[in-house]
Amino acid sequence: MSALSVIEQRLLKWDKLASLVPKSKKTPFPIDRLNELLKVCANSSYLRIGESIHAHLIVTNQSSRAEDAYQINSLINLYVKCRETVRARKLFDLMPERNVVSWCAMMKGYQNSGFDFEVLKLFKSMFFSGESRPNEFVATVVFKSCSNSGRIEEGKQFHGCFLKYGLISHEFVRNTLVYMYSLCSGNGEAIRVLDDLPYCDLSVFSSALSGYLECGAFKEGLDVLRKTANEDFVWNNLTYLSSLRLFSNLRDLNLALQVHSRMVRFGFNAEVEACGALINMYGKCGKVLYAQRVFDDTHAQNIFLNTTIMDAYFQDKSFEEALNLFSKMDTKEVPPNEYTFAILLNSIAELSLLKQGDLLHGLVLKSGYRNHVMVGNALVNMYAKSGSIEDARKAFSGMTFRDIVTWNTMISGCSHHGLGREALEAFDRMIFTGEIPNRITFIGVLQACSHIGFVEQGLHYFNQLMKKFDVQPDIQHYTCIVGLLSKAGMFKDAEDFMRTAPIEWDVVAWRTLLNACYVRRNYRLGKKVAEYAIEKYPNDSGVYVLLSNIHAKSREWEGVAKVRSLMNNRGVKKEPGVSWIGIRNQTHVFLAEDNQHPEITLIYAKVKEVMSKIKPLGYSPDVAGAFHDVDEEQREDNLSYHSEKLAVAYGLIKTPEKSPLYVTKNVRICDDCHSAIKLISKISKRYIVIRDSNRFHHFLDGQCSCCDYW
């Protein structure tokens with residue numbers, strides 16, 4: 001059925017309802033008929049017609065007597081379902097007498113509007129007034145509001161209260177009770193409640209499992225699932241979907257395969273929702289080809305399944321494949337939704353493809369998802385990671401609603417672009433709006449302090465503000481402090497901090513300190529740190545490379561040879577440097593000394609041209625990092641054809657003069673390329689942005705935004 005047909009049917013229904021509303025204000029209309037009309041208006045959100053009926057009841061004096069409670073309850077139901085909670089409460093407060101339906105309708109109204117605290121407050125008023133005895137519907141609403149607001153202690157008190165009234169025997173009360181315990185406690189309390197219940201069916205176990213899944217208590221969720229197996233329950237569709245979701249989060253492929261086999265055996269694998277759960281599970285378990293097979297075998301293609309398979313490729317870091325799937329979609333038959341756009345924009349962000357991101361932004365605007373928070377967050381992320389922090393700011397400013405993810409994305413984006421002060425200003429604005437920072441927020445803030453050398457302020461955020469906002473520091477926060485201190489040249493403080501910190505350091509922390517030693521030329525400490533890190537993490541290639549670079553900078557060629565020999569003996573492979581640039585909606589990828597590109601001869605000629613132009617400006621090849629066992633000329637050639645230089649050269653050939661270039665590299669940009677590209681930006685009068693594994697480098701007129709520290 002087309003959208004136009006739906007609208008036409010809705011208008012016909014509206015006209016029919018409107019014709020039934022009494023026109024005479026003096027003649028009472030049959031009450032039963034009016035109540036039926038109010039019910040239809042409430043369920044269809046026809047507020048204006050409902051208001052007309054309310055007006056008729058007032059003028060015919062049918063809404064102020066105690067015996068008219070049924071009509072008033074119908075009106076309360078209308079207003080709460082039309083999100084007019086304040087008007088519903090006015091009616092409720094003016095009622096001469098209230099019954100349990102009145103209380104329950106008002107509670108549900110508050111709950112549907114997200115005011116769970118008001119629900120619990122209203123229940124307490126009902127309980128202490130003694131006007132009405134709670135029933136199973138009231139108990140369900142109360143337990144649900146405890147779940148929504150995380151008020152487990154109050155929930156336990158209400159549990160005792162409803163036990164006294166004998167309401168726990170009702171199936172849906174039991175289900176919401178168990179869900180509350182599993183969601184809010186996150187421990188074995190729900191299982192203990194299950195054991196204490198006189199009767200449990202599959203729906204109760206499903207509620208417990210759903211709660212544990214929501215709060216991330218996957219071990220307890222697995223215990224519940226085992227109980228369902230021990231009780232010999234016949235699983236239904238919900239059980240299978242929940243179990244797949246559980247195994248997705250546990251990344252337990254073996255158990256997931258057993259469930260998939262069982263689904264096939266009992267015919268539960270053909271439903272669209274089940275196929276989506278299977279695709280999601282295989283994607284999370286790193287088996288994207290299995291996910292593709294499930295997708296290919298599904299006959300009912302829709303946006304839910306298309307988005308799920310794209311997400312599977314996104315989880316697998318196969319970002320280009322996710323984008324290719326979208327290009328094959330018939331967007332007229334299967335229009336993208338907010339989840340589709342979020343996955344696509346985040347895939348583009350990981351690939352740093354600004355032009356493609358701009359095109360997709362246009363489609364977002366056409367599709368009407370401009371004001372959706374999830375899409376807005378993805379747009380900010382895409383522009384920030386694609387090198388245009390200015391467009392990220394515009395996307396951020398244009399958002400009608402923002403959440404913690406929005407602020408975190410903006411703070412992190414500014415930080416990675418080296419705009420530390422702007423990141424800290426965004427943090428201050430976030431606090432001013434009342435948003436509560438989380439662990440991700442403080443990672444961005446501490447990195448920002450590190451980029452601009454705000455040591456004291458960074459330590460204040462770490463020691464004071466994180467405690468104030470009840471954020472427990474983890475390994476990433478501690479590593480940020482190591483970077484903050486060592487980048488400022490405070491190596492003694494960094495060593496003391498690492499020695500006394502109450503955590504076990506990982507290889508990233510040691511690499512952070514080692515990189516600072518390399519950049520700050522503290523080679524003595526660098527060698528000491530590298531030797532310790534190699535002993536503890538013998539398979540991490542990054543540590544070997546940094547140690548080799550330290551030896552090379554010191555002209556200790558024997559040390560370089562020793563490190564490379566050690567890597568060969570241990571089978572440790574250096575991650576190859578790869579750079580890419582987007583030209584006319586196509587991505588061009590380059591390796592060092594690449595000879596695979598169809599225009600490589602032209603590219604090499606351009607490299608030679610620009611290198612000859614920058615030498616008179618003071619460029620001197622940094623041959624320390626090149627192979628020492630070849631002659632000087634060969635070393636210079638090796639450096640000339642690094643992947644980032646090839647990408648920049650291709651951009652200079654293929655883009656209009658004075659247009660900006662955006663290049664991405666998978667590892668840290670080398671010292672020689674950094675020096676060269678600074679001067680290339682000067683002679684070409686180009687704005688060149690390079691994103692490496694550490695940060696963004698904005699090259700303009702012979703300078704870089706990183707101030708030669710990265």
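Cβ atoms are placed via backbone N, Cα and C, with glycine included.
Annotation comment: Swiss-Prot describes S2 as N-acetylserine, evidence class a large-scale study or a structure entry.
If you look up Swiss-Prot, you'll see 35-64 marked as repeat 'PPR 1'.
According to Swiss-Prot, the repeat 'PPR 2' annotation covers 68-98.
The repeat 'PPR 3' annotation in Swiss-Prot covers 99-133. Looking at the repeat 'PPR 3' (99-133) alone, the prediction's average pLDDT is 92.
Residues 100, 103-104, 107-108, 110-111, 114, 116-117, 119-120, 123, 126-127, 176-177, 179-181, 183-185, 197-199, 211 of the same chain sit 6 or more residues outside the repeat 'PPR 4' (135-169) yet have a Cβ under 8 Å from a Cβ within it. As annotated by Swiss-Prot, repeat 'PPR 4' applies to 135-169.
Here the repeat 'PPR 5' (170-200) has, by DSSP, the following mix of helix, strand and coil residues: 23 helix, 0 strand, 8 coil. Annotation comment: Swiss-Prot describes 170-200 as repeat 'PPR 5'.
Packing against the repeat 'PPR 6' (201-235) from elsewhere in the chain are residues 147, 171, 174-176, 178-184, 186-188, 190-191, 194, 242-243, 245-246, 249-250, 262, 266, 268: each is 6 or more residues past its ends and has a CB under 8 Å from a CB in it. Look at Swiss-Prot and you will find 201-235 tagged as repeat 'PPR 6'.
Here Swiss-Prot flags 236-270 as repeat 'PPR 7'. Tertiary proximity for the repeat 'PPR 7' (236-270) is limited to same-chain residues at least six positions away from its ends with a CB under 8 Å from its CB atoms, namely 202, 205-206, 209-210, 213, 216, 218, 221-222, 225, 228, 277-278, 280-282, 284-287.
Same-chain neighbours of the repeat 'PPR 8' (271-301): 237, 240-241, 244-245, 247-249, 251-253, 256, 260, 263, 308-309, 311-313, 315-316, 318, 334, counting only residues six or more beyond its ends whose CB sits under 8 Å from a CB of the stretch. The repeat 'PPR 8' annotation in Swiss-Prot covers 271-301.
When Cβ-Cβ distances below 8 Å are used as the criterion, the repeat 'PPR 9' (302-336) is approached by residues 272-273, 275-276, 279-280, 282-284, 286, 288, 291-292, 295, 343-344, 346-348, 350-351, 356, 363, 367, 587 of the same chain, each at least six residues removed from its ends. If you look up Swiss-Prot, you'll see 302-336 marked as repeat 'PPR 9'.
Residues 303, 306-307, 310-311, 313-314, 317, 319-320, 322-323, 326, 377-379, 381-388, 395, 398-401, 580, 582, 584-585, 587, 662, 664, 691 of the same chain, all 6+ positions outside the repeat 'PPR 10' (337-371), place their C-beta atoms under 8 angstroms from a C-beta of that stretch. The annotation repeat 'PPR 10' is assigned in Swiss-Prot to 337-371.
Positions annotated as repeat 'PPR 12' by Swiss-Prot: 403-437.
Annotated repeat 'PPR 13' per Swiss-Prot: 438-473, in sequence order. Counting residue by residue with DSSP, the repeat 'PPR 13' (438-473) contains 28 helix, 0 strand, 8 coil.
Annotated region 'Type E motif' per Swiss-Prot: 509-584, in sequence order.
Marked as region 'Type E(+) motif' by Swiss-Prot: 585-615.
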Seminar exercise, completed: For the repeat 'PPR 6' (201-235), the DSSP helix/strand/coil residue counts are 27 helix, 0 strand, 8 coil
Seminar exercise, completed: Same-chain residues at least 6 beyond the ends of the repeat 'PPR 3' (99-133) with a Cβ under 8 Å from one of its Cβ atoms are 69, 72-73, 76-77, 79-81, 83, 85, 88-89, 92, 141-142, 144-146, 148-149, 151, 154, 158, 161, 165
Exercise. How many helix, strand and coil residues does the region 'Type E(+) motif' (585-615) contain under DSSP?
Worked result: 16 helix, 6 strand, 9 coil
For this session: Could you pull out which residues elsewhere in the chain have a CB under 8 Å from any CB of the repeat 'PPR 12' (403-437), counting only those six or more residues past its ends?
Result: 373, 376-377, 380-381, 383-385, 389, 392-393, 396, 443-445, 447-452, 454, 457, 465, 469, 471, 695-696, 698, 705-706
